[in-house]
Every structure is written in C-alpha cells, then in structure tokens.
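Peer 1: When I checked Swiss-Prot for this same protein, it listed these features:
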- S130, R131, T132, G133, S134, G135, K136, T137: ATP binding site (BINDING)
- 1-16: compositional bias 'Basic and acidic residues' (COMPBIAS)
- 117-296: domain 'Helicase ATP-binding' (DOMAIN)
- 324-486: domain 'Helicase C-terminal' (DOMAIN)
- 86-114: motif 'Q motif' (MOTIF)
Amino acid sequence: MENDHSSSDEHEHENPELQTRAPKRRRLSETSEDDEYVAAPTPLPTLSRIKKKEPKDENKDTSTGTDNPVLIKDALEMGLQDAGESSFKALNVAPWLIGSLTTMAVRKPTAIQRACIPEILKGRDCIGGSRTGSGKTIAFAVPILQKWAEDPFGIFAVVLTPTRELALQIYEQFKAISAPQSMKPVLITGGTDMRPQALALSQRPHVVIATPGRLADHIQTSGEDTVRGLKRVRMVVLDEADRLLAPGPGSMLPDVETCLSALPPSSERQTLLFTATVTPEVRALKSMPRASTKPPVFVTEIEAGGTTSAGADGAAPKSTLPPTLKQTYLKVPMTHREAFLHVLLSTDGNAGKPAIIFCNHTKTADLLERLLRRLAHRVTSLHSLLPQSERSSNLARFRASAARILVATDVASRGLDIPSVALVVNYDVPRNPDDYVHRVGRTARAGRRGEAVTLVGQRDVQLVLAIEERVGRQMEEWSEEGVSVEGRVVRTGVLKEVGSAKREALIEIEEGRDVLGRKRNKLKKVR
C-alpha cells in the first residue's frame, strides 16, 4: 500500500499531461498559483492509505497499544477479545454478511457470537446462554443466513419466540442483515388477520419468525397447502427458550410441540436454543437421545465477565447481569406505592431518563399509565390486553422518545433492545427471580450504564432475598444527594395530588374509556 502511494505521487509529478489537464478543471480560479496548489485534490482513498501507512512507520511507538486504550477488564465486559477470533472474518463469516454487519455498525463479535457462530456453521445443535444485551440474535441470524445463501429454497428456518414485540424485532434484524440478498422473511404473530399470514406461508418464504400460539393455529386450521413448506425446514431456533419450555400455568409447551410436530424430526434439522437464563428444562435437552450421525450438542454459557463455560451441567451461573448495571431498592409502604413512584420519577437525577416500569398484572399497568399521565409524565404502556395495533404504536412512541416512560408487564421484559433506556423500575417485585433478570436486562445494554430500582414493601423481603441469591449480588438502598423520597411524599401535597389522579383514573376505567378518555368496547385478549 505504501509503494502504491509513493508511485502514485511519482506518476503525478512525472506525467506532464496530467499537470496540464488539472488547471482546466478549475477555471473558476483566476490565479495560476492557486490552480497549481489545488490542482490535485486528495481523494478519499488516499486518506485511507495515509492512515494505513502510519503503523508501518511508527511500529515501535504503537506496539504498546496506546492508540486504543482499552483495558482488558473493559474488553471482557464488552464481550471483546484482542487476541484470537476478534473479528467476524476469523469466525468464517461470509464477506457479504461482514459488510452488512459493518453497515449496521457491528464490527466485532461478542463472546456469545464468537462461541456459537463457528459451531453452528459446522452443523452442530447449540444451546447458548448469555446475559441480556449480548447479541444473541446475531449469534443465530448470521449462520442461518450464511447457510441459507449456500442453498436458498423454500422455508429454510423457523424462529420461535414468546412475544409479538420480540418477534417483530427479530424480523427487522433479519431484514437488515440480509439486505444485500433477496431473502424473504415473514412475521407470524397474534393480534392480526390470519388470512394474509396464511397466504405468505403458502408462498414459501425463506425464514419464518413466529410466536408459538399463532403458528400452531395455522398448522391446525390453515390447511396442508399452507404449511407444507415447513416439512423441509433445515434450522429451528427457540429464542428465549426458558420461557418457551417452562411448564405450569400459561405454559407455551403445547403450542411449541404442535409447531415442532409440523417440522422435520430433530435428526434431520439443526436446533438452536438461546436464552439469558439457562434453566434445568433447557439444559436437560443436552442429554436427550440423538441420531448417531449427528455431532454432539454444543452448550455454552457466557458469564458477565466474558468467560465461557462450555458443556456445563451444573447450576446456572449467577453472574448473568451486566457489570454496568446498578441495582437498588426503595422501601415503600403498600398504601402509598404510587406516590413514592411519582416522586422517584420526578427527582433531578431521574426526571430526564427514559424508563420502563414493570408490573405483575395488566390491570396495574393500565391504572399506572392513566395515573402518571394525569401527573404530567410522558407515558405509554405495553401489555397483553391492548390491541396489537396499539401495542405496536405505543412501543414505537417509546422508541422514538415521544414517551419517556413505558409502563409494561413482562411481555416487555424479554429481548426488546431499546438502547436509550437508562432506568428500570420494578413497581411489583417479580415472583420468579429469572423474571427479574430479564426485566433489569432492558437497561445497561452493550456496555452502557443503567440503574434498576425495585420498590420493596413489607411483604416483599423474601422475594428480594431470592433475587439476590439468584444474581449473586446484593441490592443497595436507593439514594440521591439531597433527596428524601419519603420526606417529599409526607411534607408536600404529593399524597393529595396522587390520590386525586388515582380516583380519576379508576373512574375512567370503570366507564370503559381509553387513556385519552374515548369510549371503547371492553378489551379482549387476542391470542
């Protein structure tokens, strides 16, 4: 490259024809000296050559790495690695995919991507566990697209995920990564008309991203012609596998089994499971009987420090939270929880932060949105009782910062990647510690800083202790310099203001009006 640069300079000085042509391009200038000085402007490629030339000339000075002062600890926390496979090229990713990822500003693979992509490309089944925000979607999307490009046909892959919003996010990522190719993904989720979805399935898209309930409906009711293409699927992904495979009330297992029954047997397809919490149900799949022709399952669990535990059969690692997350709690009386929340969101430190408030029940989320709206907060909501069109528009408003606060149930706790979120508030303490891990994972993503505040009542102490045992870290008591939440609630008119707003919100709900005061029919849950 250095020789090319020097030779181009010599050619420019030695070629008289080039020197005589250059002034003709700059007839706007009237002085010959100016023309001579700017006759050969430096093109962009020359700038890049100069940058590449510097390390060769100053090799001894730059060997210490002072140009990129990244500490080893910080690099591990970000899922980066200076030595070994620190690029997608080293993982044998196709050049067109590397270019597509670069366009998306994804230049270095994270720990879960480094561990899984080469093994998936080898054809191995995979169980991947890694903390939230670590790039699990790219870890399975890239090898799927690379293998599809080698033999594109019909429905190549099916991705199952528990929520509509996460399915939409995965669908958009597949479209973005596959932009240079003519890959056709299709989104199959509840809350929308089944007829266009059935038509799309019958036209043999390349990748199907679906929620289990809606895809099971199509398998059972849309006819053989619609789902015949599923019989040739090569790859299956269970994203948020712990939720998809969880037993008990509200389990998705029956729908997942219906979906898998329409696909080729496990011996004839590649199965990928990804989750932030590797549960016993997920880990047990490693020991299931396998065809002798298939390679062993690849199991990896990436801890928060970037270390890899491959093939582990013990308990799930506790360090599943990002190191940049600050965990705090705020003691609140059960009768004044709304007032404490209002003051917490209004402090100088929190007033400008995009925040997600998690509730255990849809009715609580609905009430909180109405109450906070009356208290002058820019707020929207996301829960299962809303029509799908409203869920999508509310989430879009929050992504675009038209609303600062999103009040949500656990439908928003998994997979949603909204980098601007700086604060997560657990209005209700989750009953399952794994749900806490997913909730607080909505902030402090990809190395950014974030805070999670849990409102703790008298009856929540045991739940908090279980959470601390699960994550291996203790929560600190919330504090902000010069702020006493309890003092502001007691000594100001907050209690009266919040009480009045709550009464108005309850009346609005009883009258069957939406958050804008418009009369509407009772909401029905759509599968």
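Each residue, glycine too, has its Cβ placed from N, Cα and C.
Model, not experiment: these values are computed from the prediction.
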Peer 1: Neighbourhood of the ATP site (S130, R131, T132, G133, S134, G135, K136, T137): other residues with Cβ within 8 Å of the Cβ centroid, in order?
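Peer 2: So the extra residues in range turn out to be T110, I112, A276.
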Peer 1: 10 Å Cβ neighbour count around S130 (ATP binding site)?
Peer 2: 29
Peer 1: Counting only residues 6+ apart in the same chain, whose Cβ is under 8 Å from the Cβ of T132 (ATP binding site)?
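Peer 2: Non-local contacts for T132 (ATP binding site): A276, P322, V437, H438, G441, R442, R445.
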Peer 1: With DSSP, how much of the motif 'Q motif' (86-114) is helix, how much strand and how much coil, in residues?
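Peer 2: Split by secondary structure, the motif 'Q motif' (86-114) comes out as 16 helix, 0 strand, 13 coil.
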Peer 1: When a 10 Å sphere is centred on the Cβ of S134 (ATP binding site), how many other Cβ atoms does it contain?
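Peer 2: Looking across every protein chain shown, the total is 26.
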Peer 1: Using a 10 Å cut-off on Cβ-Cβ distances across all protein chains shown, tell me which of the binding-site residues (G133, G135) has the largest neighbour count.
Peer 2: G133
Peer 1: Which secondary structure state does DSSP assign to G135 (ATP binding site), in the simple three-class scheme?
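Peer 2: Once the DSSP labels are grouped into three classes, G135 (ATP binding site) ends up as coil.
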Peer 1: Over the domain 'Helicase ATP-binding' (117-296), work out the mean pLDDT and round it to an integer.
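Peer 2: Over the domain 'Helicase ATP-binding' (117-296), the predicted model scores a mean pLDDT of 94.
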